[in-house]
Amino acid sequence: FCEFNNRDHRTDLNGVDRLIVRRGQPFTVSLYLRSGLYQPGVNALDCIAETGPQPSEQYGTRASFGLSANIDTSRWSAAVTSPPGNMVALSICSAPDAPIGRYTLTLGQSARIEFILLFNPWCPGDAVYMDNEQSLAEYVLSQDGIIFRGSYKYPIPTPWNFGQFENGILDICLRILDMNPKCLKNPGKDCSGRRNPIYVSRVLSAMVNCNDDKGVLLGRWTDDYDGGVSPMFWRGSVEILRNWETQACQPVRYGQCWVFAAVACSVSRALGIPCRVVTNYLSAHDTNSNLTIERYIDENGDLIKSREMIWNYHCWVESWMTRPDLKPDFNGWQASDPTPQEKSEGVYCCGPIPLRAIKEGELIFKYDAPFVFAEVNADIITFMKKKDGSTSTVTNNTIVGQKISTKSVGSDAREDITHLYKFPEGSDEEREAFKRANHQNKLLKQQQNQGLHLTIKVTADMRKGCDFDVFAVVTNNTQSEKKCRLVFGSCALSYNGFMGANCGFKDLLNVELQPGGERRVPLRLNYSKYGDNLTEDNLIRLAALLLDYSTGEATLAVRNIVLENPEIKIRILGEPKENRKLAAELTLKNPLPEPLENCCFSIEGANLTGGHTTRVDRRNPMGPGEDAKVKVYFTPTHSGLRKLVVDFDSTKLCHVKGYRNVIIGK
C-alpha cells in the first residue's frame, strides 16, 4: 500500500511507486496466503528486517521478530489487524533508533518487501523528534527557502530550491552515505552508525565537500572557474546532486559556503533530519584556535594577506537532534559546517556542536566547539606595518558574529538568531562564557580610545551602475585641537574577505579638528572606476585610517557595502493549477550606463519545473535603461505554496536573483 503508507509517513512527495517510511511509525502490508487460513494463536510468522551489505544483529542492522498481539513502537514489531481469512493485513513498525537506509523485509519463507527507512521527526522516540508542526513543515517538508547574503548592514535574501523530494534525489542522498570513506572501509559498522543523526550529520559535513573523499562539491574562491561554473550560477541543489551522480561521483565544480550549506540542508531534509541554513555576518576564520584574528594593514589601511580572515558572511547548517553523548540540556539545534576550512579528526568536516555549548563557552564538547566559537566570538587585533618595518597597534571597533540569520518559519522574513549563539555584548553572562572558553583577549580588552572617533557613513542610493558618495566621519571628543592624517580608500571585495582592485582613494595629510568638532569627508565612487573591478558578490570594502599626529595613535574604521542589483519583476499569467501549463512574464531593466549582451533568464522551482532548469535567451543587446521582457512556460506537478526561482545573466550583469511565491491549486 505504497500510496497510503507514504502519505501517512509524509514521504509521498518522493513518489508513491515504492515504499518509503519513517522509523518508529507503523506501516501496513497485506499478505495473500497460497493455502489455508490465518488463525490467531495457531499460525506464526517470522519477520526479518535487514539493511546494509553485512546485516548483523550485533550491529543492529538485522532484526528478527514475530507476531505480537499489539504493535510496540519502541522496537521492531508486527501485529495482525485483519480478521481470520486467506488475506492477512499486517501492521509493521521499525524501532525508533533503527539505522536509516534501504531495507529488505522477509516475511515467512517467501514474502520479501523492499523499502527505504528514514528518520522520523514526528516520532517522540526518535532522536530528531521536533514537537512543532509549523517548524516541521519548514525544516523537513519545505522544498525551497531563503539564504541570506550581502552584508550585516544590508542582508540580501537569496532564493534557493532545496528540492529534496524531486525525482531521484533520495537515492542520490543514500548513495552519498554509501560513498563515504567510513562505509567503504567498514560498511557494516557504517550502516550501524546510521541509527545516529550525530554520526550521519558529521558524515554529511565531510561528504558535501570533496577534500578527502568522493564528495559532492569542489570549492573555489577565486574568479577562475575553468572546468565548471561560478558558485553564483546555482539556484538550487537538484542540478548539483544529479550532476554528481551522473558524473560517477566526481565533484561538481564549483561551490562556496552558501552552496555547501544548501546542499547539506537538502540531503538532511531528504533523510528526515530537521535542518536550516544560517548566515553569520563578519565571520572569523581562526586557524590556530587562539580565538584571536590578527590582521595587518599597510599605511593606506589596506589589508595584508593572511590565512586568518574575517568573512563578510559565512553560511553553515543547523540540524535538530538530541545529544545523549553530552550532559543534559544540550539537545536541539546543532551547528555543522560542510565548507572545507580546517580539518577535524583528520578530515575536512565540522560539527555537530550544540548552539548552547557555543553560547556558554563549553569548548571541550564535541565536535569542533573552538572553531565555531571563534567564528562568532573571536577578537580582532589589528597591527599597522610601516615602511620602516616597525608595527603598531591600531584601534578597531569591528565585532565578529553579527546578525546571525535564517529564514523564518512560514514566511520569507529574516529571523535573527544571534541570541542562540551569544549573550548580549558586555553582559555578565557573556563574561562568564568567555571565562569558560578561556577567551583572555576579550576579558582583558581595555576600553577603546574615546578621544577621536571614526565611522563610515553611506547613503541609500548605492545601486550598481550609479555614481555615489560615501563618508568618513571624524569626531574630536577631546578638549584640545587635533591635527590628523586621514587615509580613505575603497576596493572590490569577495565575500570571504579577499580584496580586489582599487575603486577610489583619498589621502588628506592635514585634517584639523576643533574640540568637540566633527569633520565629514566624502569619497566619490564612480561606476567608470568600480564597474569592471567588482566581483560577483557586488561588495566594496571601505576603510578609513586616522593618524593622530600628537599621540601617534591610529584608528581604523572598516565597512563593507553591497551594491543593489536591479529587481526581476515576475508576473504569473493565468490561474495556477497542478498538471496544467502555466506562463510567467519576467522583466528586468538594465541599470548600467552601457549595453548588456548575451542575456539569459533561467527558472526552476520544486514541483514546478520538473526538477529541471528552463532557460530563455534574449538575442538582442539591452541598451541602458531598456527593459528585457520574456515569457517562460512550466507545468506544476503538485498543489500548495511553491517558490519560482529566477536568475538573470549577461556580460556585465551576472547572476541577478529573484523569486515569486506561487500558490498552486488542485
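The backbone N, Cα and C atoms fix where each Cβ goes, and this holds for glycine too.
Predicted automatically and left uncurated, TrEMBL annotations should be read as such.
Sequence annotations record features per position, and here TrEMBL assigns active site to CYS257, HIS314, ASP337. Feature annotation from TrEMBL assigns Ca(2+) binding site to ASN377, ASP379, GLU425, GLU430. Annotated domain 'Transglutaminase-like' per TrEMBL: 249-340, in sequence order.
Structural mapping of features recorded in TrEMBL.
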residue: CYS257; record: active site; Cβ contacts under 8 Å, 6 or more apart: TRP311, TYR313, HIS314, CYS315, TRP316, THR339, TYR495, ASN496
residue: ASP337; record: active site; Cβ contacts under 8 Å, 6 or more apart: SER205, PHE260, ALA261, TRP316, VAL317, CYS349, CYS350, GLY351, ASP368, VAL372
residue: GLU425; record: Ca(2+) binding site; Cβ contacts under 8 Å, 6 or more apart: ILE399
residue: GLU430; record: Ca(2+) binding site; Cβ contacts under 8 Å, 6 or more apart: LYS422, PHE423, PRO424
Quiz item: Relative to the Cβ position of ASP379 (Ca(2+) binding site), how many further Cβ atoms are located within 10 Å?
Solution: 23
Quiz item: Among the recorded positions listed here, HIS314, ASN377, whose Cβ has the fewest other Cβ atoms inside 10 Å?
Solution: ASN377
